[in-house]
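S.K.: TrEMBL lists these features:
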- B:4-101: domain 'Flavodoxin-like fold' (DOMAIN)
There are 2 protein chains.
Amino acid sequence: MAGKKVLIIYAHQEPRSFNGSLKKVAVDELHKQGCTVTVSDLYAMDFEPRATRKDITGPLSNPKFFSYGVEAYEAFKKRSLTSDILDEQKKVQEADLVIFQDKLALLSITTGGTAEMYAKTGVSGDFKYFLWPLQHGALHFCGFKVLAPQISFAPEFASEEERKAMVASWAQRLKTIWKEDPIPCTPSWYFGQ
Amino acid sequence: MAGKKVLIIYAHQEPRSFNGSLKKVAVDELHKQGCTVTVSDLYAMDFEPRATRKDITGPLSNPKFFSYGVEAYEAFKKRSLTSDILDEQKKVQEADLVIFQDKLALLSITTGGTAEMYAKTGVSGDFKYFLWPLQHGALHFCGFKVLAPQISFAPEFASEEERKAMVASWAQRLKTIWKEDPIPCTPSWYFGQ
């Protein structure tokens, strides 16, 4: 949809990978719609995933007993978090899709295992089980409305044709992404009745 | 049990924290039993959590298309993984408790939320839900036999006395830890019927 801002948080090390293709079609399709698209390419940025006291610049609020939650909250108020965190927070705040509060988020994931392995009775259990901590524990907790995930199962074991079909179905879905309703992010969505 | 080797993988930044106390009683109790105890203090070690091409020393097996799984497997065979990874692999291989294959593992976790919040009908859902990717997806998948988790709920909101009781119950459990049977690490343990 023209004018919308989309942030893609991308985490794969090989640009020529299947994940790279999924990212590319998303950028292309959303550009075609007139969206502004920002990509946070975490590996290319060498993004620091550890939450440590190095995230706080300047003096600690309680240097005798380090609590990450307390210090990060104080530093957030004083804007004394490190610049890599401030930069990402700004991107999230500005985005309409993938955004911090009361906006939309969508997980696009590729798996190693096949769809059968991620069935309720498969060796890996229902794929929704591993989405729970991410979609519910992190995204829903932070106030996101969560769109249905886009799961591309086992591209490694798929034929070239199947892979192209997966990429195409992702591009197709993005055409009408702005009309989708969020999922009900409740235990029953994840774990059945 | 005398002679057993135990590896404690410890991830907390403040030694004077409740987590620090839990680690300390575990080291003390296991030493008392005559165990050899090794602690991997991940924050103190500044342990690198990112899985990147920096983990592989020497030339890549396929520099034109980087696949972490392929490269790590080849590097493992050639022993050309970085030394911090080799060191941790060695500790895991040598341990009887927390060990790589067909041995025992136990998650000792403190939560921010209370036990009520982590009930099936609580805002965070059953605490077993967030254990699934860790205990089943990671530990069980790697061949661990998984002991019941030790969950210390919301020490931040507990009284000093309640906290001491939690630490004491952890120390008490460790006295007979070697007699425990692993849990059945299956979907029904996590998600009920």
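Don't overthink the numbers, they just go from 1 along the chain as shown.
Every residue gets a Cβ built from N, Cα and C, even glycine.
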S.K.: Can you give me the average pLDDT across the domain 'Flavodoxin-like fold' (B:4-101), rounded to a whole number?
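M.R.: Across the residues of the domain 'Flavodoxin-like fold' (B:4-101) the model's pLDDT averages 88 on the 0 to 100 scale.
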S.K.: Can you count helix, strand and coil residues in the domain 'Flavodoxin-like fold' (B:4-101) using DSSP?
M.R.: 45 helix, 15 strand, 38 coil
